[in-house]
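See structure below.
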Amino acid sequence: MMAQSKANGSHYALTAIGLGMLVLGVIMAMWNLVPGFSAAEKPTAQGSNKTEVGGGILKSKTFSVAYVLVGAGVMLLLLSICLSIRDKRKQRQGEDLAHVQHPTGAGPHAQEEDSQEEEEEDEEAASRYYVPSYEEVMNTNYSEARGEEQNPRLSISLPSYESLTGLDETTPTSTRADVEASPGNPPDRQNSKLAKRLKPLKVRRIKSEKLHLKDFRINLPDKNVPPPSIEPLTPPPQYDEVQEKAPDTRPPD
């Protein structure tokens, strides 16, 4: 492929150079043939024989240069045409030899092999430059079966409030059901202890906060005794002294 592209480039260069030389030669010939364009045919004031001789020599030189340019351009064009024809023949011969060496039955097999190789290369490139998505990174929007098959540790479940606070809702309900089913049987000590342990923390806190009030009421000596008076830490301000000092502070008239 590289050799073919280089040959095509050389052909294009030859044709361009040949056309340029041909056009330049034609322009020079027309410059000398058409009257009025050449400087030798312009009228001169002196009209001496020297100017006529010089004009004839210049005209002959320009004609010779034009003929050379036209001939070189035509030769380059013919050379480029011949080279292009030769390259086309070589290309056809190579294709014929390839068809003869590789029969038609081997063509589909070779195409399958090429397609398999291309698929493998594409897979390798995709695996090399693979970028995971946000869901894959965060392990979300996956089916449970797929997650368990890949890695059972990936399934994340948040703990409940009861498990964090040490409470369990199933045990109190089960104890209540047992009590309702058998009202004649006395409750077991272990079940009662378990029920005490499984009381909510809020209830415990409220009870503990009200215990000191209960003790205070129980420890009162008698109802006739007045309650203890609570005196403020700082004494109240003396308003009389402030009123007496107020007129003294006024400025004199």
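Each residue, glycine too, has its Cβ placed from N, Cα and C.
The feature transmembrane segment is assigned by Swiss-Prot to 17-37 (among others).
As annotated by Swiss-Prot, transmembrane segment applies to 65-85 (among others), with the evidence given as sequence analysis.
Summarising the annotation, Swiss-Prot assigns region 'Disordered' to 93-133 (among others).
What Swiss-Prot lists as compositional bias 'Acidic residues' is 113-124.
Look at S115 (phosphoserine): DSSP puts it in a helix. Under the heading phosphoserine, Swiss-Prot lists S115 (among others).
According to Swiss-Prot, the compositional bias 'Polar residues' annotation covers 164-176.
Taken from Swiss-Prot, the feature region 'Disordered' covers 164-253 (among others).
What Swiss-Prot records for S182 (among others) is phosphoserine, and it gives a large-scale study or a structure entry as the kind of evidence.
Marked as phosphoserine by Swiss-Prot on the basis of a large-scale study or a structure entry: S192 (among others).
The compositional bias 'Basic residues' annotation in Swiss-Prot covers 194-205.
Per Swiss-Prot, compositional bias 'Basic and acidic residues' is recorded for 206-217 (among others).
Taken from Swiss-Prot, the feature compositional bias 'Pro residues' applies to 224-238.
Taken from Swiss-Prot, the feature compositional bias 'Basic and acidic residues' covers 242-253 (among others).
Note on the compositional bias 'Acidic residues' (113-124): none of the residues of its chain located 6 or more positions outside it place their CB under 8 angstroms from a CB of the stretch. Across the range of the compositional bias 'Pro residues' (224-238), the DSSP-based residue counts are 0 helix, 0 strand, 15 coil.
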